[in-house]
């Protein structure tokens, strides 16, 4: 799975502990960390604003582990609103309780903490965590997860000389609360104020566009060495083209870049918009960092390296995406659920065709839809509702094909058959590129093209060496088809990775239930599970440390009933 490329389009995308969710797997190491999630004030684009930081880091700290390790992350919520962290690309095998989205978890109230525990079962690669509620990722809270291969499991390239993680993404100087209100009021977020690289401003390659004095990212390297670049688009909604001036990138999910250029100057690292309308207004919105050789003799200067010359036209990117394939001859780690790397020999048992469109007005609100349904999350997580046999929380009638019914807001799921082999076709009838992510799984991206998908399109599928991933792009006016082996019981979020679309309802949950019943192939609910919605009375009283005034106030508002119970218990103990 390797291809030499000069530029790559990175689709918009594109963490005192209570008892743990499940016993750690015997014999495997455990990584324990504690994260304090709170606000800090920075000014990446010269305007002071509050961002969400973890342990006072923005972006957050690296979680560096090895496949099959156990992970325990104790999260202290010092924000003034509820929090969940989700783990983009981590499959949470048999353990959707740890997925960190509203369909499976009650949020961590302000001032409280909660411990995630999971195993990184049979995965290697580059992943990231981020806050999944209320557009919070637009304020930060994201960070890298690197899952290394065991020494006995080779990868199809030599060990790089260094490892570099870059977070790229569009950025607004408005707070996530202000952005949320704009969407609630039916407004579009508009063009972002800039593009950040690792939370820093663009390098001032042109002082008429970027003022001097803003902190930019500098990547130090040694001549002749090869580095592994792990690049994540964590922005709100903009697809980005990524390139390094004068350097080729060998793509293997991450990029291998050899420092084989003259060190007479530094070099630009550029993330620029892709698939946006009003091209002239976007022309000067670029994220720029500096690649600096240790023996560099001068600053980077001059114009930025050109990106694709078809600023909006999609043919270049679609051709490139279709050219990226699995290296089937390398003796290396590869996905193998149910032997499905031989996916061409497995019969499809279900097909979902999921169509998104331009924004629609539903009940007077500007919403996003899939198959005419705009998801409305209930107060009680779906998985908790199932476990406690609650009815009326959600329905299982989400349409598996586009239809002619009037658009609506609803809490409904797609039912998928455990042990089945599912075909999902994403049909994009919008004018911008879409990015879809499926929690709990990786899938084979077997086809993409322009126009409307029909069953005849299957004849054009890549039936041998398609890549396996958890996120895929869908080009405007086109379709993308994926195949997935349904071997992971749970309720799993399928969403647009564009935050504004996700917030406005472009998501659904896929329910993969084991017909043998609960606790047969799924881990039991963790002892420290939080309760909310219809189950809020089951929440056990807990005393939580509060580290800031805003958190304390919010905790009072959020947990008044629970805190009252705690006081009664304490009073009873004292009287005894």
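Yeah, the Cβs are placed from backbone N, Cα and C, and that goes for glycine too.
Please treat TrEMBL annotations as automatic predictions, because they have not gone through curation.
In the domain 'Plastocyanin-like' (37-150), helix, strand and coil residues by DSSP number 7 helix, 52 strand, 55 coil. Residues annotated as domain 'Plastocyanin-like' in TrEMBL: 37-150 (among others).
If you look up TrEMBL, you'll see 163-250 (among others) marked as domain 'Plastocyanin-like'.
According to TrEMBL, the domain 'Plastocyanin-like' annotation covers 252-296 (among others). Per-class residue totals from DSSP over the domain 'Plastocyanin-like' (252-296), listed helix then strand then coil: 4 helix, 21 strand, 20 coil.
As annotated by TrEMBL, domain 'Plastocyanin-like' applies to 380-513 (among others).
Annotation comment: TrEMBL describes 1-26 as signal peptide.
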**Report entry** For the domain 'Plastocyanin-like' (380-513), residues assigned helix / strand / coil by DSSP
**Finding:** 17 helix, 59 strand, 58 coil
